[in-house]
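Features as listed in TrEMBL:
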- 20-38: transmembrane segment (TRANSMEM)
- 44-62: transmembrane segment (TRANSMEM)
- 94-115: transmembrane segment (TRANSMEM)
- 135-154: transmembrane segment (TRANSMEM)
- 166-188: transmembrane segment (TRANSMEM)
- 208-230: transmembrane segment (TRANSMEM)
- 242-265: transmembrane segment (TRANSMEM)
- 293-314: transmembrane segment (TRANSMEM)
- 341-360: transmembrane segment (TRANSMEM)
- 366-390: transmembrane segment (TRANSMEM)
- 402-423: transmembrane segment (TRANSMEM)
- 429-448: transmembrane segment (TRANSMEM)
Amino acid sequence: MPSQLKRQLSLGNAVSLNMMNMIGVGPFITLPLVVAAMGGPQAMLGWILGALIAVCDGLVWAELGAAMPEAGGSYTFLREIYGRNGAGRWASFLYIWQLGFSAPLSIASGCIGLSQYAAYLWPSLGNTVAGMSHLRYTSLLASGSCLLILALLYRNLSTIRRLAWVLWSGVLLTIGSVILAGVTHFHASQVVMPAGAFHLTPAFFQGLGAATLIATYDYWGYYTVCFLGGEVRDPGRTIPRAVLISIAIVAVLYLLMNISVLGVIPWQELVKGGDGRYAVVAVLMQRTFGVTAARVLAALVMWTAFASVFSLLLTYSRAPYAAALDGNYFRSFATLHPRHGFPNVSLIALGVVAAIFCFFDLSHVIAALVAIRIILQYLLQQVGVILLRIRRPEMPRPFRLWFYPLPPLLALAGFLFIVFSRPDASREFVYAGVIAVTGSLLYFARAYRRREWPFASQAK
């Protein structure tokens, strides 16, 4: 039975997996929500600010990923930053614990988005199942698509690489089609700012915070390669390049896509929640090239969502595996498939839980998960990269983030702005707090039995 992962991923593989994770169904559904958050085309500021935060945070990921190229990503980083035999065990365990909630929900949200665009093609999918008033066929489709992706990932990495390139071609075709339709039918007269669009009032900053939260969530995924660090060739060079290249390309694509939509669909329609709020890019295509083209694009969006979930499930399955291999999670998650050498128990667990979550309403939960991921992962890493420079200056760093320490400080400020600018931040902190407290209690109970930090001294 294989005991180690093989380094097989090239720069091209890494960039494609990153971008498939980033360009999921998110921007095709959330674009109108960003416009509505700020009440007009000035919402582009949210996308720009989100891109700047992504670059600053991406530089942190690039340095940490190149220095610690192992499976697990943030798990490995937090463990090493805060002490492998100290508080790092608690921080890394807590990260894996919250990932057990956030990863399946992220995967499920992509499957739900896929099913919603399927309902654009086949409206009857939006109907409820006979005799079950709370169950819609879209939920069954979302859950089924999740299980199908699980089955596709249940094979060796060389086969997955080929599948990734096929799925990636569909992602490029989808984005390209949206931009082409918008650019060739662009009407500058529609992109008119409302009165007082840039008045720096509390409402402006509240709207900017809400828009940036959505945009930041849509950018997330540039760190995918860091979770696959143990499977990347020449990680010291490949990981930083993959992170920064994917952010640059996706930022340009998102801005072009936003401009394309705003030049065809009136922003007032997006704000009011007309048909543009739902399958917005299908509506764009319908108004530019007709119903048939719209249906084709809806199918491409489904393809893109499928590709994103494929990348998400592949990526996240490596983190519990790394934790279990380190003795800091359930032992069964350290198992590799006897023939193909991938973490099959972790993959199945996350895939099945995600399939179950496809039946839940994610609208409020996703916002809470964004908050807890920022608190228990991103903020700890911004502080951590500085602590690591101070505590371990001799540590080999194939890539050193530029303009240190400015990027982690700017990313820290950006994430805090996103969290605290929201009017319902207190509710989200309650959800985040529950997950953090339960995870901490579980860790400390386990650590007490095993005489690990902070109880290790009692064993002497």
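Heads up, the Cβ atoms here are built off N, Cα and C, so glycines get one too.
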Which stretch from 44-62, 293-314, 341-360, 366-390, 402-423 shares the most C-beta pairs under 8 Å with the transmembrane segment (20-38)?
293-314
Do any residues of this chain, six or more beyond the ends of the transmembrane segment (429-448), have a C-beta under 8 angstroms from a C-beta of it, and if so which?
89-90, 93-94, 97-98, 101, 365, 368-369, 371-372, 375-376, 454-455
Look at every Cβ pair spanning the transmembrane segment (44-62) and the transmembrane segment (293-314), keep those 6 or more apart in sequence, and say whether at least 3 of them are under 8 Å.
no
Short question: most Cβ pairs under 8 Å with the transmembrane segment (135-154), which of 208-230, 293-314, 366-390, 402-423?
293-314
Counting only residues at least 6 beyond its ends, the same-chain positions whose CB falls under 8 A of a CB in the transmembrane segment (293-314) are 17, 20-21, 23-26, 28, 103, 106-107, 110-111, 113-114, 117-118, 120-121, 145-146, 149-150, 152-153, 160, 163-164, 167-168, 170-171, 173-175, 177-178, 181, 221, 224, 228, 279, 281-283, 285-286, 347, 350-351, 354
